[in-house]
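Student: So that we are looking at the same thing, I have put the structure below in structure tokens.
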Amino acid sequence: MRILWRLYGYSARLLKTKLFRTTASNTSFPEVWLLLVQYFERVPGFFWVVQRNSFFTMPEILENKADIELYTPHPEVRGMTTLDRAAFKRTIVVPVLKVKKEVINKLLKSLKHTTLQRPGLKRVIDDPKDEDSRLVLLDPHKISAEYSLGESEQEILKQFSIDPQVSKYNLELTYDHFKTEEILRAVLPEGQDVTSGFTRIGHIAHLNLRDHQLPYKHLIGQVIIDKNPGITCSVNKINIIDNTYRNFQMEVLAGEANMITKTRENYITYEFDFSKVYWNSRLSTEHGRIIELLKPGDVLFDVFAGVGPFAIPAAKKKCSVFANDLNPESYKWLLHNCKLNKVDKKIKKFNMDGRDFLLGPVKEELTKELSLLTKERKNTLHIVMNLPALAIEFLDVFKHFLDGKPCSTDLLPTVHCYSFSKHDNPAKDVQERAEAFLETSLEGRCSTHLVRNVAPNKEMMCISFRIPAEVLFKKQCTQEESSVEPASKRLRPNEDSPEEK
């Protein structure tokens, strides 16, 4: 045995040579045995293996295991650009166990780690020679080369009085039995990356294909639809988000061309035309993080609201919400989603440029809120600016934004501003750029949060800070004035108050 393992190690090194054009990462045990057999087959009967009353040579086993990798579609599908499902059909040899049908269910529980597990494949099939028995399909990777079960499995069979003899069965695999990754790996040129991941938005699968995958884009799109129940349309982004409205051009790869979809995020339902608005399911966690910071009665100003992933859950949490988006389509679906989620009367909606929204409704409401608040107030003010490509450039709006004299930093509004960064230290980069637009230092007065990795060496960050008083107000209170508490005044809710609604 030690000699055989030495030969295995030597053969594995041979498989790295140009003759076989492979590397150590994909050198498989069957391939090595195939090399050994080719060397020793000149010795008559050298590799004969006996299994009870069945006799077969090692090359016969190798043909079953190594001719085509067990769960790989037929090699003829390589390079296919138009999906032909019938071409994926192939027959493999798998071990089977003959079992009386009355003990099948109990046996399957005990042998669950040994039976064959494939999409759409039955583990138990009829025995064509015995109607009182069934054939249990076993995983060839869990069975030894001699087609015998291990001691633990044999002990289980003994308990059920089952003959441990393992037979061979010709199993036909079809397109339905292969996984997405297996299909795409078999189709795309060898050595190229296989990307089977996508973002799901309702019935739509959104892919970002790489250049080498584009010749196979329609096939990839159809495979994604076939292998994911509920998906009826697959699309590929064909440009970056660089326009005013933050949406991007996309191409339908397969399925229906219906872009109006419905999706749920953090228990909220949203509907929109995916081709005309911005939506990113990968921001679900970030949306939830910001909402967790809010308390009932807080005020949220959403400068780039989109279809409402910050605004609507905030309103559900009984916050007073002001939501704005420049894109007419986003604004339309924001109105729709507010009604859909029954918060229409709790959100004031605007269709304006972000800067105009800040200088108009936000400034007006902040002036009113800060003039009426005291240290005893329990609600806070939040401004969300989720436009990573540009939002940080809007921060200069807050310079000398308000008149008046603030008396406590606790009353100042908190900004949550998003930005992309390709810097080695993205947190430092975002802070320095924010400071440049505010013309003040945020050291010790801000926090940065990594939202997600957008691309290699590109991060999406969120910087949060209370707007410094020296930035926000045209006239600051003196130290002497700040020591005097103003008379406590609290706004009583009226019929127009969000609390009443």
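Residue positions begin at 1 at the first shown residue.
Cβ atoms are placed via backbone N, Cα and C, with glycine included.
Straight from TrEMBL, here's the annotation block:
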type	residues	note
DOMAIN	198-469	domain 'SAM-dependent methyltransferase TRM5/TYW2-type'
BINDING	H287, D325, L326, D353, G354, N386	S-adenosyl-L-methionine binding site
REGION	479-501	region 'Disordered'
COMPBIAS	492-501	compositional bias 'Basic and acidic residues'
Student: Give me the long-range Cβ neighbours of D353 (S-adenosyl-L-methionine binding site): same chain, 6+ apart, Cβ under 8 Å, in sequence order.
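Tutor: Set apart from D353 (S-adenosyl-L-methionine binding site) by at least 6 residues yet with Cβ under 8 Å, we have L326.
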Student: In sequence order, which residues at least six apart in the same chain have a CB under 8 Å from the CB of H287 (S-adenosyl-L-methionine binding site)?
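Tutor: The list for H287 (S-adenosyl-L-methionine binding site) reads E265, N266, P309, F310, P313, given in order along the sequence.
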Student: Name the residues of the same chain, 6+ apart in sequence, whose Cβ is under 8 Å from the Cβ of D325 (S-adenosyl-L-methionine binding site)?
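Tutor: Expected: F304, A305, G306, Y331, L334, F350, N351.
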Student: Within 10 angstroms of the C-beta of L326 (S-adenosyl-L-methionine binding site), what count of other C-beta atoms is obtained when all protein chains are considered?
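Tutor: Here the count is 21.
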Student: Given the binding-site residues G354, N386, and counting only Cβ atoms in the protein chains shown, which has the most within 10 Å of its Cβ?
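Tutor: Neighbour-count leader: N386.
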Student: If you average pLDDT over the domain 'SAM-dependent methyltransferase TRM5/TYW2-type' (198-469), what do you get?
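Tutor: Average per-residue pLDDT within the domain 'SAM-dependent methyltransferase TRM5/TYW2-type' (198-469): 93.
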